[in-house]
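Okay, so here's the structure we're looking at.
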Amino acid sequence: MSGDHLHNDSQIEADFRLNDSHKHKDKHKDREHRHKEHKKDKEKDREKSKHSNSEHKDSEKKHKEKEKTKHKDGSSEKHKDKHKDRDKEKRKEEKDGKLKKPKNKDKDKKVPEPDGKKKKPKKEEEQKWKCIFTLDYLMQTLQHSLTNNLFLFSPPRIKDEPEDDGYFAPPKEDIKPLKRPRDEDDADYKPKKIKTEDIKKEKKRKLEEEEVSKETSALLGLEFGIGTTFEANGFREFNWSVVEEKLACVQWEEERYPEGIKWKFLEHKGPVFAPPYEPLPESVKFYYDGKVMKLSPKAEEVATFFAKMLDHEYTTKEIFRKNFFKDWFEYFLAVFQKIKEENEKLLKEYGFCIMDNHKERIANFKIEPPGLFRGRGNHPKMGMLKRRIMPEDIIINCSKDAKVPSPPPGHKWKEVRHDNKVTWLVSWTENIQGSIKYIMLNPSSRIKGEKDWQKYETARRLKKCVDKIRNQYREDWKSKEMKVRQRAVALYFIDKLALRAGNEKEEGETADTVGCCSLRVEHINLYPELDGQEYVVEFDFLGKDSIRYYNKVPVEKRVFKNLQLFMENKQPEDDLFDRLNTAILNKHLQDLMEGLTAKVFRTYNASITLQQQLKELTAPDENIPAKILSYNRANRAVAILCNHQRAPPKTFEKSMMNLQSKIDAKKEQLADARRDLKSAKADAKVMKDAKTKKVVESKKKAVQRLEEQLMKLEVQATDREENKQIALGTSKLNYLDPRISVAWCKKWGVPIEKIYNKTQREKFAWAIDMADEDYEF
DNA sequence: GCTATAACTTAGAACTTAAAAT
DNA sequence: ATTTTAAGTTCTAAGTTATAGC
């Protein structure tokens, strides 16, 4: 490969400007906007002129379907809400009823109102109110606690009322103490005489007791054991008012119980449990040390205990706080542990499949949870609701003789198919773009590994004919046909700059990003001369994931002239290559070499660059860390070529400053050491004895050591600065033939673990197996 | 041809864990 | 031992390419 072809100086130089490329995204917004308007008009025109029936129908159909789903979702939501409301109302009614009921009873005065009865409903009200209050209060106080540097919850976006599913409400039936009528007429109270029990009589007594119980029950006109039905909701079903009426009517003689005996009949409904914890809404966040922290429901609940007491002086007491935090952290540490274990269990069970006699790891066995869609860049659909995927959305793919996984109880799959022409196990249609999502195998699987290997083999085949292809497109720059010229210039960019193919995208569905074929006039600037270079093309556009591509490249004169030609009489929003698209380009490439597509050039150029850079940078007698540094530099050259960028880490500035202060401190140390050395030398000159000489030697060494340390720090600083926005991972994982790296490791005795981590070794197992030290890409 | 779409690869961010520095 | 930083993992969006159906 000719050196000038790929990374000429200008490119490297340009890449140092990457620093501000993220910031410049905004600049594109305006342009994007203009483009959209423009395209809309264009499309309108096209539609007018075409009036293709089927297209029209189709789009209409699509639209209708969208409406339908919208409606569906909407209505179901509404339905839910209605339901909720109804439930609420029902509960309200119940409560009101309870309030009234006792009043009615007061009227007939058959049963005197025990004190508790009147208060009970009031208490309910109070309790519920307190609950609402508590939540509101929580939100306020928690926020307030920020200043106390404890923890806080963010202000809820929606003011959620606590869901009262009866948890905070009292049981549906009032619980009143079963009071005997005798309370009112104590005067007539004549307890029966019964002698103190002795053991012999125990049995008899029991029998008697039972009889009394039976008696009571009989008097009440009920079966023995009044409230023995225990419903799932926790409340026994019998009617207190009936019981009370019966009890009121009964007149019986009260007897005196033997000493120690308190009663002979007792029936009640058991205790009411504390309501289960109602988790706070999603919008309420827990902050610890200024950072959002997800809490398990249990830990969250315990946190609310504290929060509820924030205004109490308890919380200012050291012991109280200490104990709380100890317990609390233990609490959710345990819960954390449990979650971890559960995840492991899930992976063990669902994370694998069997394909052709191999147990294979599945890449993404979890269905994407619902949430808000987060597009990249300036995405028109950002914030839209990503629906929950139900079993009814899921298509299962497995072999006919396999056991079909069973859907969750009460559900069924959308479809079960047996298609062995595809590799996916599960698929569903996502609701934002309407695209299909798949569950597929891990990169370590046979099926993915083989495909990966194939990819690099295709790139190697390109290596054999790339010169011919390059000559071809150079010829085509002169073609009479516009289409051929555009194709040739586009291919030149794809080859030289490793640009992506650049499919057309549907307007308004995605962020406005482009690749080679979809470049617009506004994305390039032509400079017949710039900074002492001739025929410079300046690229500035947003590529995949809205990552900015900015580069100034000197090109051959013919290319330059062609670009001028393509741009003639065009608006900035017009396509640069108006006679070209990816289909045309790839069809042509297919003719040049079997299996050749635009992206093969990226793979080829990435891999060949690594190989060549490794050759250039590896110094035979350097130690292993130095060799690894060379490898990373070669890797970085590829990442720069492919424009693999990342947002600078959030802590970048801070950690950079830390490093800088370390460097400064080291410099000071060094200056001190040098001063010491100087004075020691002066001493030595005067004294001329062995002792002072020794001191000089040791001071010299100290200076040397510090110098080395300083250098190391400085190298680290520049290294980090250079890597600020460059992502090495993507190229390593997707573009570099792993056999190049394996061979390099073998050749220089670098352990493969230094280059590939465990996951990467698994993915590239085929290459580690295959390549020896003189493998040539 | 052109469009829709299915299937698959490539991508950076967010999150988690391990290692290094203090 | 604790904090900071880096490495590793997971997640899923956003591309490319082939193909089916007009």
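Sequential numbering from 1, following the chain as shown.
Glycine is no exception: its Cβ is also placed from the backbone N, Cα and C atoms.
TrEMBL lists A:1-126 (among others) with the feature region 'Disordered'.
For A:1-23 (among others), the entry in TrEMBL reads compositional bias 'Basic and acidic residues'.
Summarising the annotation, TrEMBL assigns compositional bias 'Basic residues' to A:24-39.
As annotated by TrEMBL, compositional bias 'Basic and acidic residues' applies to A:40-126 (among others).
Under the heading region 'Disordered', TrEMBL lists A:160-194 (among others).
Here TrEMBL flags A:171-194 (among others) as compositional bias 'Basic and acidic residues'.
Sequence annotations record features per position, and here TrEMBL assigns domain 'DNA topoisomerase I eukaryotic-type' to A:372-749.
The annotation coiled coil is assigned in TrEMBL to A:656-723.
In the three-state DSSP scheme, A:Tyr735 (active site, O-(3'-phospho-DNA)-tyrosine intermediate) is classed as coil. Taking a C-beta cut-off of under 8 Å and a sequence gap of six or more, A:Tyr735 (active site, O-(3'-phospho-DNA)-tyrosine intermediate) has these contacts in its own chain: A:Arg602, A:Thr603, A:Ala606, A:Ser607, A:Val638, A:Cys642. Positions annotated as active site, O-(3'-phospho-DNA)-tyrosine intermediate by TrEMBL: A:Tyr735.
Model confidence over the coiled coil (A:656-723) is summarised by a mean pLDDT of 82.
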